[in-house]
C-alpha cells in the first residue's frame, strides 16, 4: 500500500506559466495581520508571493494567489524576504542561514517600548545571519495602511541598511507599492526607525502644551475677575457661569492667540532674512521647531473656535430655559420701552457677521491642511489658501474681537481689581502680528524680501574689505 505524500507547498490560486515567468517572486515570513496585508498589496501590484510558515497546511486565511511553504522551501527561490515576525522568534532564523546567503532580508519588526533590547532588532538579525543583507523598512506602516494604500495620505517608507544594492531593491518594491522612500543611512539608524512607531504625537507636544497652558491661565484669570470678585465684593454666587459663560470666554481667547502663534514665526523669519540679507543661513533651532508645528497650532486653534461656536449656540437656549428670563419681568410690569439703538444694531450684526466669516475661513484652512486635500492642490493654490487667506482669517477674527470690545475699554468698571478684560489680552498678539505683516507688505520692504528669497544676497562690508586686501 503506497504512503500518501503531502506536497511541499500549497498554491491558493495557481498562476499560468507565462505569467509566473514575468513576475518576481517575493517571500514573507509571518502570516499575521501585517504579513497578510503586505502580501495582498504585493499581489495587487503584480508580484508573486510565497509565505514561509511553521505550519504551511494550517496557517489560516491568506491572500488569494499566494503560495505557502515551509520556511526553508519559501526562502530558497526568493531573492528578497520580508521578516514579519517578532524579535523573540528570531532564533530559528539562524538555522536557515545557508538559505539566506546573499539574499535581502527586510526587517519590519517593532518593539513594545523603547530600549527593550541592547541593540536594534535589525542589527540583531544581521548578527544572526551575517551572510544576508539586512534592511530595516516598512515598520512605520500599519496593516491598515498597507491594505488601503497611500492614496488616503502621504505615506513614507523609511529604509536603512549597510548595502546600497539591498536598499535599492527594497526601495523599488516600496515605490511600486505607491509609497515614498526615504533613506536614513546605514543599519546603525535602525533603532531610530524602530522608535518611530512608539512616539506619541511627537509633533503635537509643543502645541498641546501651549494650548493647555493658555487655557489654564485664562480660565483662572477670568474666574478670579468674574466669579471670585463678585463673591468677595458683592456676596453674589455666580459660580454657575463657570460651565458655559466662562468657558465661552476662554475658548475664543485661546483660539485667537493660537492662530496668531501659527503666523508669527513666518513674520519673524521674514524680518530675520531682511536683517541678514540672505536666505542661505539657517534659522535658530527654536524658530525651526516653531515653524514645523504651525499646522498643529492651526488645527488646535480651529478646535477651540469650534467649541466657541457650539457654546455660543447653546448659551441662548440656557438663558431661555433657565431663570435668566426673570430679569426682564420688572421692565415688562412697568411697561418700559427700550429705545432702538441703530449704532448698537450695526455693531451687533457686524460682530456676528465677522464671526461667521472668520469661522468659515477657519474651516477652509483646516480642510486644506488635510493631506488628502493638500495633495490635490498645486503649491501656488496651497500657499494662497494657507498664507493669503490665513492672514485674512486672522484679520477678520481680530476685527471680530474688536467689535466685541467696542468701547468697553473706556469703562472703569471693566477693570476689575485693576486687571484688564480677557479680550484685551487676547488682542495684543494678533494686533502685533498684523502690524508686522503690514510692514512686510510695504512695496520697498516686499521688494527687498522677494529679491532675497529669489537668491540675492547683500554683500558684507567686512568681506568686501578682506577681498580688496587680498587683491
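Just so you know, glycine gets a Cβ as well, placed from its N, Cα and C.
Note that TrEMBL annotation is computational and uncurated.
Copied over from TrEMBL, here are the features:
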type	residues	note
DOMAIN	27-111	domain 'Pyrroline-5-carboxylate reductase catalytic N-terminal'
DOMAIN	253-396	domain 'Ferric oxidoreductase'
TRANSMEM	210-232	transmembrane segment
TRANSMEM	252-275	transmembrane segment
TRANSMEM	296-317	transmembrane segment
TRANSMEM	351-377	transmembrane segment
TRANSMEM	389-405	transmembrane segment
TRANSMEM	425-445	transmembrane segment
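Sequence-distant contacts of the transmembrane segment (252-275) (same chain, six or more residues past either end, CB-CB distance under 8 Å): 207, 210-211, 214-215, 218, 283, 287, 290-291, 294, 297-298, 300-302, 304-305, 308, 387, 390-391, 393-394, 397-398, 401, 422-423, 425-427, 429-430, 432-433, 436-437, 440, 445, 448-449, 452-453.
Using a Cβ-Cβ cut-off under 8 Å and counting only residues 6 or more beyond its ends in the same chain, the transmembrane segment (210-232) has close neighbours at 238-239, 241-242, 246-247, 249-250, 253-254, 257-258, 261, 297, 300, 304, 416-417, 419, 421-422, 425.
Mean per-residue pLDDT, taken over the domain 'Pyrroline-5-carboxylate reductase catalytic N-terminal' (27-111), amounts to 92. Per-class residue totals from DSSP over the domain 'Pyrroline-5-carboxylate reductase catalytic N-terminal' (27-111), listed helix then strand then coil: 32 helix, 19 strand, 34 coil.
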